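Below is one structure; the comments refer to it alone.
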Amino acid sequence: MRAAEDSGALIVSVDLPSGVDADTGQVPGDAVRADATVTFGTYKPGLLVDPAREYAGAVRLVDIGLGGELGAYEPELEALQYADVQRLLPVPGAESDKYRRGVVGVVAGSARYPGAAVLCVAGALRGGAGAVRYVGPAADAVIARFPEALVSDGPPAKAGRVQAWVAGPGLGDDAGRLRDVVDADVPVLIDADGLRLVDRDAVRARTAPTLLTPHAGEAAALLGVSRGEVEAGRLDAVRELAARYGATVLLKGSTTVVAEARGGGAVRVNPTGTSWLATAGSGDVLSGLAGSLLAAGLGARDAGAVGAFLHGLAGRLAAEGAPVGAQDVADAVPLAWRDVGA
Ligand SMILES: NC(=O)C1=CN([C@@H]2O[C@H](COP(=O)(O)OP(=O)(O)OC[C@H]3O[C@@H](n4cnc5c(N)ncnc54)[C@H](OP(=O)(O)O)[C@@H]3O)[C@@H](O)[C@H]2O)[C@@H](O)CC1
Ligand SMILES: Nc1ncnc2c1ncn2[C@@H]1O[C@H](COP(=O)(O)OP(=O)(O)O)[C@@H](O)[C@H]1O
C-alpha cells in the first residue's frame, strides 16, 4: 500500500480500496487512498459512509447484470436520489391553506444564543409548512428578521396548535419548555441543547414520532463514548441511538445518516452534503427545515432524509466553492427545492 502511495501514480481501486470495511464504512487499520474506485453491481456501505468513503476517491458503478438478484435482498443502506426526493416534497394542492399545509412550532434560542432561534426559523420557513410559530425569549430577534413568524414567549402548550415541534437549538437550560414539547402528542424534532436536557424514558414513552438530530459530539455524550468512536463507526452509532431512544435518529457530520426508530430497516445515507456546511448555525437551519417537513406530513425518516438532502444541496448551491454562513444556506433552500422539483 505504501509503495503504491509513494509512487505518485494514479491509484484505481477495484470494487473497494484495500483496507476499508465494505459493510460498515470503518477503516480499522491501514488502507489505500485511491484516486478513483470502480465498483460492481451495487454501492457498498464502505463507498458511501465516512471515514471509508474518503478513501475511495471518485466512484464509478459498473452494472454487471445483478439487477434481479439484488432485488431479493433488503438493503442495509439507502441513498435517496433526486426522483425519490421529488416524490416526497410536500407541494400545496389547489385547495390548501396555511393550516392544511401544517404548522411547525420552534422552541429555540436564549439570551445567550438568540441567533440559533433566527436560523432555526429561517430553515422552518423553507420546509413546506404553512406557518411557523416561534416560542421563546428571542421573539424580538426572530420577528425583526422574519415578520411572517408567529411569536410568543409563554409555554409551548399555550402557543396555539402545531403539527410538529422543533426544540433545542440555542435553548440553554430551558428544560421546562422542552418538557412541554416532549409531552405533546405531535411529531417532535430534538436538537442541540434539547438532546442534553431530554429524558430518555420520556422519549421512549412517546407515541407520536420523535426525530433526534445530534452531531457526533452530542451523539457521543448520549451514548457515553468518545466523539472519535462515533465518527469511526457512524452506522453502529446511529442504529444504537435509535434503539436506545426508540426514536428516529439523524446523525450529522461529514456523512449524514438517518436510522429508523428502534434501529430497524435500512439506514438512509445522504448523498448531497458538502464540507462547506461545517459552519456555525447550519445545523440549526437543518433542524428547522426537517421539522417543517415533519409538520407538512412527512414521516420522521423521510423528513430527516429529505431535510438533509435539501440542506446539503443548498450548501453546495450557496457555497459554489467559497465560504458561506448559515443564513446563506437557509436562503439557498428554495434553490435546492426547485432543483429537485424541476
Ligand atoms: N448563532 C447561534 O446562536 C448559534 C448557536 N449555537 C448553539 O450553541 C450551543 C452549543 O452548540 P455546539 O454544538 O457549538 O456545542 P457543543 O455540542 O457543546 O460542542 C462544543 C464542543 O466544541 C468544542 N470547541 C469549542 N470551541 C472550539 C474551538 N475553537 N476549537 C476546537 N473545539 C472547540 C468544545 O471543546 P472544549 O472547549 O470543551 O474542549 C466542545 O467539545 C447550542 O445551543 C447550539 O444550538 C450553535 O448552533 C451555533 C450557532
Ligand atoms: N465535513 C462536513 N461535510 C459535510 N457536512 C458537514 C460537515 N461538517 C458539518 N457538516 C454539516 O453541517 C451541519 C452542522 O451542524 P451542527 O454540528 O449542529 O452545527 P451548529 O450547531 O453550529 O449548527 C450539519 O448539517 C452537518 O451535517
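Glycine is no exception: its Cβ is also placed from the backbone N, Cα and C atoms.
Annotations in TrEMBL come from automatic prediction, not curation.
When the candidates Gly224, Gly283, Gly288 are compared with the AMP site entry in TrEMBL, which names Lys252, Gly253, Ser254, Thr255, Thr256, the shared residue is Gly283. Here the candidates are the binding-site residues Lys252, Ser254, Gly283. The one whose C-alpha lies nearest to that of Ala116 ((6S)-NADPHX binding site) is Gly283. In this structure, none of the binding-site residues Ala116, Gly170, Thr255 sits close to ligand 2 with a C-beta under 6 angstroms from any of its atoms. Among the binding-site residues Gly170, Lys252, Ser254, Thr255, Thr256, Asp284, the residues whose Cβ sits under 6 Å from any atom of ligand 1 are Gly170, Asp284.
Listed in chain order, the residues near the AMP site other than Lys252, Gly253, Ser254, Thr255, Thr256, Gly283 are His215, Ala216, Leu251, Val257, Asn270, Gly273, Leu277, each with its Cβ within 8 Å of the site Cβ centroid. The CA atom of Ser254 (AMP binding site) is located 10 Å away from the CA atom of His215 ((6S)-NADPHX binding site).
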